[in-house]
Amino acid sequence: MLPFASCLPGSLLLWALLLLLLGAASPQDSEEPDSYTECTDGYEWDADSQHCRDVNECLTIPEACKGEMKCINHYGGYLCLPRSAAVINDLHGEGPPPPVPPAQHPNPCPPGYEPDEQESCVDVDECAQALHDCRPSQDCHNLPGSYQCTCPDGYRKVGPECVDIDECRYRYCQHRCVNLPGSFRCQCEPGFQLGPNNRSCVDVNECDMGAPCEQRCFNSYGTFLCRCNQGYELHRDGFSCSDIDECSYSSYLCQYRCVNEPGRFSCHCPQGYQLLATRLCQDIDECETGAHQCSEAQTCVNFHGGYRCVDTNRCVEPYVQVSDNRCFCPVSNPLCREQPSSIVHRYMSITSERSVPADVFQIQATSVYPGAYNAFQIRAGNTQGDFYIRQINNVSAMLVLARPVTGPREYVLDLEMVTMNSLMSYRASSVLRLTVFVGAYTF
């Protein structure tokens with residue numbers, strides 16, 4: 001109460017109270033806003049209508065409802081309902097009113113049936129008409145007068161829902177198993193393929209399927225191996241083959257020359273030789289085979305790697321020919337007094353680089369006189385001392401190669417046998433003229 005209210009008349013007191021109330025409110029507090037643009041949750045301001053309008057959260061919020069639920073918008077919010085749920089709009093709300101169902105007549109048919117045009121009772125397909133309460137994860141199967149909710153193949157019922165069966169837990173697959181929604185798939189390791197039952201794995205014959213082997217392919221369990229023909233070796237890539245250069249491995253494969261060829265090698269011999277099965281080279285005896293060009297007045301002499309045609313009569317005055325390769329100097333001829341009584345022509349062949357000392361030719365006296373002594377010597381042709389004589393006994397001696405010689409080369413050695421008899425003061429000599437052919441090779 002005002003302190004002075006008791007002193008004022010009643011009318012003045014009412015007037016004073018009105019003035020006090022009007023003065024207590026400031027002009028700013030009595031002003032109202034020109035417009036309102038803020039809306040409550042679930043609404044937004046519409047500038048055209050100058051009113052708040054509902055926000056459709058089902059369109060503006062991504063994945064507003066999870067799983068198999070469907071989003072239903074309503075004023076100021078939204079609902080997440082099962083997809084089988086139906087929503088009846090309020091007749092007093094916005095939008096057209098729901099249609100008025102026609103007048104229904106009593107159904108004379110048992111549950112799950114309905115009359116047709118002929119007034120016969122036919123089954124109601126609840127699955128096709130969505131008159132069932134099966135879960136979205138279930139399959140609806142129509143039955144006479146009813147329906148059944150079952151889980152699809154590969155699913156099992158857990159509570160009201162159907163969940164995927166992990167078939168891989170039961171090891172249906174031989175190798176690898178991949179679980180899929182409602183099913184599974186078997187896979188095989190490399191080198192295998194699924195069998196007819198789509199579960200077991202069978203070996204793949206890569207060799208029949210164009211394996212990248214260059215020469216030979218061998219199939220094995222789960223894989224394959226490449227191999228090469230004889231004379232080839234497998235490359236590092238495991239598929240291609242490279243020729244083996246056998247000639248580079250050893251210098252003893254062939255006696256003369258080794259020639260590498262694709263997948264093999266061959267041995268060759270020089271002219272005048274033939275190749276043996278042992279890969280050795282053997283001299284061809286042209287004189288024996290007739291592969292020579294000597295005339296009838298000549299004698300064919302074979303040596304290592306070739307032959308020589310020599311005259312049949314090689315006797316030079318004062319010698320006369322008495323037989324093949326033998327010349328005799330008559331005693332009646334004064335020119336023969338200082339000459340050997342006979343000269344016999346012989347021929348032989350040796351190889352190059354022969355090991356020394358080597359016995360190469362044996363000299364043998366054809367006749368022996370009582371009390372005679374025979375001495376053997378090299379009369380001519382040994383200017384470099386490549387040979388020497390080793391006397392064995394009174395009637396024989398050996399021609400010895402003193403040092404290695406390299407061909408092709410030819411020696412003509414006069415090997416003399418001197419016969420002496422001191423009691424009869426007798427001295428005579430004969431010569432064996434030996435032609436030695438040295439071949440060009442060590443074989």
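Every residue, even glycine, has its Cβ placed from backbone N, Cα and C.
Residues or ranges marked as signal peptide by Swiss-Prot on the basis of sequence analysis: 1-25.
Annotated domain 'EGF-like 1' per Swiss-Prot: 36-81, in sequence order, evidence recorded as sequence analysis. Summarised as a single figure, the pLDDT of the domain 'EGF-like 1' (36-81) averages 82.
The disulfide bond annotation in Swiss-Prot covers Cys65-Cys80 (among others) and rests on sequence analysis. Around the Cβ of Cys80 (disulfide bond), a 10 Å sphere holds 14 further Cβ atoms from the protein chains shown.
Residues annotated as domain 'EGF-like 2' in Swiss-Prot: 123-163. Each residue of the domain 'EGF-like 2' (123-163) gets a DSSP state, and the totals for helix, strand and coil are 0 helix, 18 strand, 23 coil.
For Cys127-Cys140 (among others), the entry in Swiss-Prot reads disulfide bond, with the evidence type sequence analysis.
Annotated disulfide bond per Swiss-Prot: Cys134-Cys149 (among others), in sequence order. Note: Cys134 (disulfide bond) has non-local neighbours Cys127, Cys140, Tyr147, Cys149, i.e. same-chain residues 6+ apart with C-beta under 8 A of its own C-beta.
If you look up Swiss-Prot, you'll see Cys151-Cys162 (among others) marked as disulfide bond, on the strength of sequence analysis. Remark: Cys151 (disulfide bond) has Ser137, Gln138, Asp139, Lys157, Cys162 as non-local neighbours, by Cβ distance under 8 Å and separation of at least 6 in sequence.
Counting every protein chain shown, 16 other Cβ atoms lie within 10 Å of the Cβ of Cys168 (disulfide bond). The disulfide bond feature in Swiss-Prot is assigned to Cys168-Cys177 (among others).
Per Swiss-Prot, disulfide bond is recorded for Cys188-Cys201 (among others), and the stated evidence type is sequence analysis. Cys201 (disulfide bond) falls within a strand when secondary structure is assigned with DSSP.
As annotated by Swiss-Prot, domain 'EGF-like 4' applies to 203-242.
Cβ neighbour count for Cys207 (disulfide bond): 16 (other Cβ atoms within 10 Å of its Cβ, all protein chains included). Under the DSSP three-state reduction, Cys207 (disulfide bond) is assigned to helix. The annotation disulfide bond is assigned in Swiss-Prot to Cys207-Cys217 (among others).
Residues or ranges marked as disulfide bond in Swiss-Prot: Cys213-Cys226 (among others). Note on Cys226 (disulfide bond): other Cβ atoms within 10 Å of its Cβ, all shown chains, come to 21.
If you look up Swiss-Prot, you'll see Cys228-Cys241 (among others) marked as disulfide bond, on the strength of sequence analysis. All chains included, 19 other C-beta atoms sit within 10 angstroms of the C-beta of Cys241 (disulfide bond). Taken residue by residue with DSSP, Cys241 (disulfide bond) is part of a strand.
Taken from Swiss-Prot, the feature disulfide bond covers Cys254-Cys267 (among others), and the record attributes it to sequence analysis. Annotation note: Cys267 (disulfide bond) sits in a strand segment as assigned by DSSP.
Summarising the annotation, Swiss-Prot assigns domain 'EGF-like 6' to 283-328 and lists sequence analysis as the type of evidence.
Contacts of Cys300 (disulfide bond) defined by a Cβ separation under 8 A and a same-chain sequence distance of 6+ are given as Glu286, Cys287, His292, Cys294, Tyr307, Arg308, Cys309, in order along the sequence. Taken from Swiss-Prot, the feature disulfide bond covers Cys287-Cys300 (among others), and the record attributes it to sequence analysis.
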Candidates Cys80, Cys188, Cys201, Cys228, Cys241, Cys267 (disulfide-bonded residues) with Cα within 10 Å of Cys217 (disulfide bond): Cys228
The domain 'EGF-like 1' (36-81) resolves under DSSP into 4 helix, 19 strand, 23 coil
If you measure Cys228 (disulfide bond) to Cys213 (disulfide bond) at Cα, how many Å is it? 9
For Cys177 (disulfide bond), the close disulfide-bonded residues (Cα within 10 Å) drawn from Cys65, Cys80, Cys226, Cys241, Cys267 turn out to be none
How does the domain 'EGF-like 6' (283-328) divide up by DSSP, counting helix, then strand, then coil residues? 4 helix, 20 strand, 22 coil
